[in-house]
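Engineer: Have a look at this one before I ask anything.
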Ligand code: SF4
């Protein structure tokens, strides 16, 4: 039977969903995470693959934005050099609250194999990170899973409360 | 306050032959090879040393003759300057050996012009002869600290403008000196936050078992500084009871497909 032919009044009435406003807001937030496309090195290729057709980030409501001002999640994918560190912080600062960070790949987590003078040994030295995603390079499924964990984390948060400073300063 | 670690490694020279030193390659007199005319084009110039090694001509010249020598070789047929770089001989000879790698499409051969720049000396820019020297000379300055005279924009190219030290010198530590260690903290937060943020952890496999704040406890997450919950969350992606409007997948009600649809 086609949907429009269902007579709700005749059966048990309209379907009703009960939830709290908090949950509804966070559920909405978690399902429309716009990510600032922040690819720095090889991991960015995997991030692109995750955004593309086969893995399809759009079905999570995650759309890559070129502008930090419309984004709420920053996926740092790749090697962060000392020269670039200042700009990463600036982009993070220009994102509106609330915001989250996924650190993608060994390089972003710990500097990876680049234990040298020019590489920042982990983005968490300059910005607070929510999810660390291991691998070199992580497969697109791993990024998907990281996003799903982030979604879950967001759904547990309370939107009205002022967010505590996460790390660093 | 953390004890200050002042270890200025930038002044110490680590140069020594720690590694296997291969036997010297075979060097042939230039006048016995096809490079005879190439060398002859540098007719009246002072040539310190010249030989052919691995089918390439190598010519050592005086530092001040580099413009003149390259111009003569260019006129002879070396149209392309592929690379300029240096070798650190500060410990051994007190300077840097700069080489110019040339390619001739016309004659189908390569040549290398070398000169020795002592510390504190200037080198003439060759950008007027070869456009490609522009960036290569900036890199030479950035990585070796060789000052180039007559370059239109001599500043750092790979490292930040306020970087201290020249990373390709043999005296430069691989993991950076004291300045490099704190670079991003000083720049972004200021020196007063050094204690709060701490040194770079150079050991990526290091696990601090006492650190219960900075590890992501999957399914045990808590805010920074907060106590983690005693009971772990259900180890499944979907929340117990489901998200509103989203059906919960039941683990016991799955179906295995015989073949792909
Ligand atoms: S973690 Fe591996 S794949 Fe990712 S940026 Fe670093 S080197 Fe490249």
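Cβ atoms here come from the backbone N, Cα and C positions, even for glycine.
What you see is a predicted model, and the numbers here were worked out from it, not measured in a lab.
In case it helps, TrEMBL gives these features for our protein:
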{"type": "BINDING", "residues": "A:42, A:43, A:107, A:136", "note": "[4Fe-4S] cluster binding site"}
{"type": "DOMAIN", "residues": "A:42-148", "note": "domain 'NADH:ubiquinone oxidoreductase-like 20kDa subunit'"}
Engineer: Tell me which residues of the chain lie with their Cβ under 8 angstroms from that of residue A:42 ([4Fe-4S] cluster binding site), as long as they are six or more apart in sequence?
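Structural biologist: In sequence order, A:78, A:105, A:137 meet the Cβ cut-off.
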Engineer: For the recorded [4Fe-4S] cluster site formed by A:42, A:43, A:107, A:136, name the remaining residues of the chain with Cβ within 8 Å of the site's Cβ center, in chain order.
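Structural biologist: Close Cβ neighbours, site residues excluded: A:41, A:46, A:77, A:78, A:79, A:104, A:105, A:106, A:108, A:112, A:135, A:137, A:138.
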Engineer: Using DSSP and three states only, what is residue A:42 ([4Fe-4S] cluster binding site)?
Structural biologist: coil
Engineer: Just checking, which of A:43, A:107, A:136 (binding-site residues) has the fewest C-beta atoms within 10 Å of its C-beta?
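Structural biologist: Least crowded of the binding-site residues A:43, A:107, A:136, by Cβ count within 10 Å, is A:136.
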